[in-house]
Structures are given as structure tokens and as C-alpha cells.
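A.B. asks: From TrEMBL, here are the annotated features:
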- 37-55: transmembrane segment (TRANSMEM)
- 67-84: transmembrane segment (TRANSMEM)
- 137-265: domain 'Palmitoyltransferase DHHC' (DOMAIN)
- 183-207: transmembrane segment (TRANSMEM)
- 227-256: transmembrane segment (TRANSMEM)
- 309-383: region 'Disordered' (REGION)
Amino acid sequence: MSVMVARKKVVRKWEKLPGRNTFCCDGRIMMARQKGIFYLTLFLILGTCALFFAFECRYLAVQLSPAIPVFAAVLFLFAMATLLRTSFSDPGVIPRALPDEAAFIEMEIEATNGTVPQGQRPPPRIKNFQINNQIVKLKYCYTCKIFRPPRASHCSICDNCVERFDHHCPWVGNCVGKRNYRYFYLFILSLSLLTIYIFTFNIVYVALSDDTAGLGLFPVCSQSLTILTVLEVLICFFTLWSVVGLTGFHTFLVALNQTTNEDIKGSWTGKNRVQNPYSHGNIVKNCCEVLCGPLPPSVLDRRGILQQEESTAQEESSPRGPSTGQGTGGQAEESSAQQKDGGLPHPSAVPVSSLSNAEMPEEKQLTSGELPVLSQDAGQAEH
């Protein structure tokens, strides 16, 4: 005879989170699924810096100053630390509504908007929220079943609502939001300085190597090293146009306390000329709030524990014959045996007189002309 035994299986919350994200190290690392361009970013940074430290830094440390490779190493480590912090962290994902919460929100919306005639488009689901004496609209997310907080938006790539959503950056392999924007800004700022630093000293290296080649001081500076140096110069040159320009753009946004999403949509520079309610009107205060303000904790609880029961079948041998069990288990075995034999329970087993009308099932108490209220509600819900 097979018996179902329930075993508790420990499951982390990150394994059941919706959305299109990738988790590593038991939920400690959170990234987007599309990580190909992120690997390209690592390859370009590591490759360029490795060539610079292997060849140019050794020459420049002897000819100019040993502080050159030290300062380059500091910039490199800072850029890598901020990149990994941006890529591996929760950008501020907002959890989706639970079924009960979603049903309650739907009831509120129906009570506010009323019944919409068939064939007529329902009104937009919007709530008004006041910030600094200015009305801000909170939009409803049909995927997450919530009214998004101010400045939040739904990322179509990660399929999550992100608080203070700035943009989805494939170069870092993650969304940029409230919890990792400062690290993203510090990353592009340090990468800009590192690119300018390497580009400048590559040109200095070429100039000094040409001057010392005639004196025979560095005969090892062969044609292969020159080709590698030219390759580094080209990479840094094309990186300067994108990274330095991106850093300048985000510096402008930080000074105004504005996001890339708001700038693209023209939220505060449109036809209505609505002023930005989040700006303090002071560049220093805006920079302090964005870059130095308190960092909110993650609300996902990725490493929280969910206990799920996993039923497994085990076979147990038992002698054949009448059951001697008492209580609920014995009654269940007796009734199942009667059903297998095809017999019916004896009328005296359940006397009718012992059951009052209150103890009888609900459907038996109703008369033939009545309908259960629950079934009517269910029918309306289906319609």
C-alpha cells in the first residue's frame, strides 16, 4: 500500500520572483538576462588596462614618475567596483501585488469609475498625488497590478516596475534605478577619467619612445608594441566620445534632480511647462540628494525562505484483513472498504433523528425553490 508523505522543501524567494532577471550566488547577485554587452564592457576595460599596465606603465614609471601606474590602478579599481555594484544589485524593483491585494485594488477602481457600458473604453486608471503643492499622476501597471509610485516605471526588458526608473543600460547588464543610480554615475565618471588618463599617457609614451629610440635606451620597443599602443589609443578615442558625453549628460540630470526617463518623455519641459516638483532649486542640494542621500533597502527579500510541501509516495506492507484502526483513520478505511465491496452503509449507522436541520449540509437546508447565494455570485463573476 502506498502512503503519501509530505516533506518540506526549502525554497528561496528569488526562485519564485516574476520578471526576467537572472540570480546568482543564492540570490545575492541580481542581473538582467541579456548580459552579452556587459561581458563586452568587461572585456574592453580589462583588456585596455591590462595592455596599459603591461607595457606603457613600466616605461612611464622609469622615465617620468612611479606615481603614474599607482594613480591608474586606483582609477581602475574604483571603476570596476562601481561597475560590479551597479550590475549585481537590485535597482529598486517593486514587488507585484498579491492576488488579494490585486483584487482589492480592482474593487477600488470599479467603485471609483463605476460600471462602464459595454463597447465603451474605460477611463485610464490614474491616481492623483500631491508633491510640493503640485499634482503628480500615479499610473496603474497592468502587469504588476499596482499603482506605481512617483517616478517609477515598468522596464519592458526586465519586466519589472523599478522605483525612480532612469533607464535600462545593456552595458552594465541591469536597470538603473533608485538603488544603483549613484553607483552608475560614479562608474561612468571614473571610467571617463580612466579613459582620458590612458589616452593621454599613451600619446606621451609614443612621443617619449620616439625620442629615446635614437639613443638606444629602450631597444625592446618594437613594432609589435607600437601596434598595441595604437590599438589602445583607438579604443580610448572612440570611448571618449560616448562615455565622456554620457557623463556630462548625467551630470546635467543630477544637477536638476531629473531622470533620463523624465527627460526623454519631457515630463517637466513639455507644453504645460510644469516645474519639476523634485528639484530643490539648488544644484548643491540636488546633487546631495541624488548622490549622498540615504539608500533605501531592497524590498524584494530575495534570500527569504519559502517552505513548500513536496509529497512523495512510500510503499508500506500491511496484512490483509479487517481494519482494527480507531478514530478517523479507521472510519476512512472502513468506508473505503465498503465502497470497494459495492455495499451501502447500514441505515442504522447514521440515524436520521440524530441530525437536526442545523447540522445538515447547507444545500440540504434549502428548499427546492431557493438558490444558493454563493452560486449567484459565482455566476455573476463568470459573466
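Glycine is treated like the rest: Cβ placed from N, Cα and C.
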A.B. asks: Rank 37-55, 183-207, 227-256 by Cβ pairs under 8 Å to the transmembrane segment (67-84) and hand me the top one.
C.D. replies: 183-207
A.B. asks: Of the residues in the domain 'Palmitoyltransferase DHHC' (137-265), how many are helix, strand and coil by DSSP?
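C.D. replies: Going through the domain 'Palmitoyltransferase DHHC' (137-265) residue by residue, I get 73 helix, 19 strand, 37 coil.
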